[in-house]
Amino acid sequence: MPRQRAPKEEEAELLTKQERSTRSSEDASDASVSSISTTSLVLEHINNPAINGTSRSRRGEKYTDEDDEAQEAFDVEDGRYKAPVAVDKKTRRWLWIVGIACVTGWALALVFFLMSGSYKHVSTRPHDPLASSTKGSGKKITMDDVFGGSFYAQQQSVKWIAGPNGEDGLLLEKNTGNAGYLVVEDIRNKGDGDSSAKKTKLMQKSSFDVDGKLVRPNEVWPSKDFKKVLVQSDFEKNWRHSGTGKYWIFDVATQTGEPLDPENQDGRVQLASLSPQSDAVVFTRDNNMYLRKLDSKEVIQITRDGGSELFYGIPDWVYEEEVFQGNSATWWSEDGKYIAFLRTDESTVPTYPVQYFVSRPSGNKPKAGEENYPEVRNIKYPKAGAPNPIVALQFYDVEKAEVFSVEIEDDFRDNNRLITEIVWAGKTKQVLVRETNRESDILKVVLMDVEKRTGKTVRTENVAELDGGWFEVSQKTTFVPADPDNGRKDDGYIDTIIHEGYDHIGYFTPLDNDKPVLLSQGEWEVVDAPSRVDLKNNMVYYVSTEKSSMERHAYSVFLNGTGTSEVVENSGSGYYEASFSAGGSYALITYQGPGIPWQKIISTPSNKDKFEKVLEENKHLDRFVREREMPILNYQTIDVDGFKLNVLERRPPHFNEKKKYPVLFYQYSGPNSQEVNKKFHVDFQAYVAANLGYIVVTVDGRGTGFLGRKLRCITRGNLGYYEAHDQIAAAKIWASKKYVDADRLAIWGWSFGGFNTLKTLEQDGGQTFKYGMAVAPVTDWRYYDSIYTERFMHMPQNNAAGYDNSTITDVASLAKNTRFLIMHGVADDNVHMQNTLTLLDRLDLAGVENYDVHVFPDSDHSIYFHNANRIVYDKLRWWLINAFNGEWAKIKTAEPKSQVDARLERR
């Protein structure tokens with residue numbers, strides 16, 4: 001129903017309806033490119049009110065009634081109906097001069113117009129992600145485009161594999177059509193017409209029969225000699241990285257399969273792993289470990305006391321989520337004679353119940369009479385300060401069939417130890433163990449000799465004393481074997497180290513040396529390094545931020561720290577990922593942006609045989625992007641309290657500095673994270689800018705990654721303070737810009753970003769931001785898991801004040817914001833619903849009501865169950881539009897509409 005419009009709504013309309021009308025006019029005129037001459041096209045554009053500025057609703061002005069303009073044009077007083085009057089010579093001369101000037105000006109405008117190419121449809125132009133303005137016109141980005149995968153770049157999944165005799169440059173490929181289901185191909189033959197004869201076929205078909213049962217593989221792992229394939233089928237998900245399945249041994253020569261455990265072929269296996277010698281498989285079932293030697297049908301049980309609270313060879317929930325980001329805690333020695341594994345005892349870990357009101361993830365039918373009760377899954381979840389699982393490293397001697405442990409004199413106590421990485425030192429029967437204390441600020445590297453069953457700490461670092469920070473979990477330590485003939489006298493390893501406040505890589509040799517050879521240094525950082533070590537050429541490959549913290553480039557360096565060079569020559573500005581072949585002679589280079597992504601395989605600097613093969617160019621995506629009006633990306637840095645922070649500003653197409661735009665801040669802000677980078681990425685933020693016409697700003701504030709430890713570690717012990725402060729400081733900078741409507745600023749985020757959204761609103765108290773949207777937020781760090789939280793906050797017992805400061809408690813400050821939104825998955829096993837519910841209770845107690853809540857039954861942290869993910873973004877969109885249209889401001893002063901007598905209405 002029509003109602004009185006506020007001035008702010010009219011300004012919002014100028015950014016929505018009016019602009020859509022203007023752009024539709026541009027689209028209509030541009031659509032005629034192929035059917036009319038250039039001259040008529042130019043005239044059409046010049047006469048188009050949307051282009052020449054004579055639109056009745058002028059940008060930057062309030063709405064103008066059309067009847068008023070018509071009256072002004074045809075006013076009786078303008079002389080329209082007066083008799084013609086003769087023009088004298090002087091006047092005619094001036095008219096000629098003015099006419100000639102107009103024609104000349106028109107001609108110059110025509111030349112400029114043609115040279116600028118403004119008449120062209122946007123699809124005729126190459127995509128320029130760093131363009132400062134939009135030329136031409138195109139289709140608007142839609143939500144279906146974003147969430148339907150239209151902007152996804154095709155990428156070929158390349159899995160490098162070493163040949164049985166150490167051959168390099170081999171690829172493992174699945175679903176290759178006529179060539180077979182699982183094949184090994186030399187990269188030099190890839191794409192050379194009918195090269196099937198040059199491929200090694202491991203599995204011809206995509207299924208096989210075992211005792212009348214059809215087996216369809218989910219995952220496959222070839223043995224190192226290419227004679228067997230370990231096959232997983234019938235996978236059922238457990239947590240984020242884990243699940244169970246049925247496992248099979250497939251014989252390549254006969255193309256037949258058999259059960260991993262012939263006596264229990266329907267048993268659900270949690271993890272299975274082939275030995276490096278291709279002669280055995282170790283696996284975990286029902287939390288106990290087993291060994292199957294492939295020359296026998298017999299299965300040997302390694303452990304027997306595993307159960308609901310004791311795991312062997314696999315991680316529990318918190319280790320899976322926060323340490324390994326995977327489902328394996330089992331490691332074969334290179335000679336296949338020993339197996340290292342974790343024994344995880346979570347009997348003292350408290351339980352958290354997760355409720356499912358719609359589904360039954362267990363697959364079990366409820367008991368009679370309990371059909372109407374929710375299914376409850378109890379998770380052993382250690383919250384900050386609560387007892388952690390007790391983790392111990394154990395070994396299994398395959399020949400002796402014996403389980404044993406190696407004691408270390410100066411080891412951490414059981415309740416103060418995190419085991420984060422295990423690396424076998426080749427065939428030396430030694431193993432490197434990376435451990436930290438519970439708060440992750442003291443590191444120990446332990447060297448164990450499993451044959452002698454002795455061990456010692458070879459390296460200790462206390463980063464709390466160094467810079468007050470923490471150690472990140474890493475599984476990139478790489479063993480480098482001795483090779484005296486090739487200049488490597490002793491065994492060693494490469495690890496990430498801290499050098500002058502930045503993450504770099506160092507080479508430790510011999511194994512017990514605690515002083516590394518520096519392989520990289522500078523005011524930039526390595527990323528998940530090293531990527532590969534070429535032992536033949538003593539060369540190390542790594543990816544770093546040397547050119548820009550917003551970019552990634554691949555480099556090589558010799559083991560003595562000299563000869564650094566870029567893998568991709570003249571790569572320019574960009575975000576590159578690199579995956580290196582087993583021997584380091586080839587690399588899959590994936591260009592992620594800012595332009596259209598592409599992939600190619602190249603020879604590396606250590607390979608004298610130059611090679612290059614393009615795998616993917618994403619031409620379809622390039623065409624699709626050209627036809628759309630993309631947001632204008634403006635990368636920059638801002639100074640906040642002496643720190644340089646990276647910023648990405650997404651501007652609407654056809655951005656006009658004379659207009660006033662609302663601004664949405666999107667951030668994650670978590671420790672060591674990064675959102676501002678130069679990847680090609682079209683997401684909800686791009687949609688908001690390109691379709692809704694709002695500016696979207698992302699700021700990586702203090703605490704985020706790849707800008708050095710000084711900026712990163714300042715947040716320790718007080719999460720949320722600097723993160724929120726920096727968002728507010730950035731918002732004030734944008735609020736002062738002439739093209740920003742300072743009364744329409746909002747912020748949103750998910751997970752840690754949801755926490756920081758609420759923390760920002762709490763700290764700001766409505767002075768800068770008026771609106772916020774928080775999805776799955778932490779509201780009290782005492783509720784989050786111990787390993788993650790204590791790394792950045794210490795234990796609550798050691799930092800009670802810090803936890804109090806980080807908790808969202810100042811609800812009176814939240815009440816000063818115009819309105820905020822909270823959404824959460826009820827079955828979130830990561831950030832528990834408890835976080836949102838306890839905040840709602842605080843709001844209720846204080847009588848705060850300026851917020852909306854949406855919960856999603858049975859959804860976990862990703863919020864996907866029953867169409868929930870699309871609803872999240874639809875809700876964000878709808879809620880944001882209402883915020884910037886001023887609807888939420890009206891709710892504060894809402895009054896009932898006066899009732900009209902029905903008898904008067906009938907009259």
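The first residue you see is number 1, and the count goes up from there.
Cβ atoms here come from the backbone N, Cα and C positions, even for glycine.
According to Swiss-Prot, the topological domain 'Cytoplasmic' annotation covers 1-93, on the basis of sequence analysis.
The annotation region 'Disordered' is assigned in Swiss-Prot to 1-70.
Here Swiss-Prot flags 94-114 as transmembrane segment, drawing on sequence analysis.
Among the features that Swiss-Prot reports, topological domain 'Vacuolar' is placed at 115-907, with the record citing sequence analysis.
Annotated active site, charge relay system per Swiss-Prot: SER751 (among others), in sequence order, evidence recorded as similarity to another entry. Cβ neighbours within 10 Å of SER751 (active site, charge relay system), excluding its own Cβ and spanning all shown chains: 19.
Listed in sequence order, VAL354, ALA776, SER859, ASP860, HIS861 are the same-chain residues at least 6 apart in sequence whose CB falls under 8 Å from the CB of ASP828 (active site, charge relay system). DSSP gives ASP828 (active site, charge relay system) a coil state; it is part of no helix or strand. Residues or ranges marked as active site, charge relay system in Swiss-Prot: ASP828 (among others).
The active site, charge relay system annotation in Swiss-Prot covers HIS861 (among others) and rests on similarity to another entry.
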| said: Mean pLDDT for the topological domain 'Vacuolar' (115-907), rounded to an integer? | reply: 94
| request: Measure from the Cβ of HIS861 (active site, charge relay system) and count the other Cβ atoms within 10 Å, all protein chains considered. | output: 19
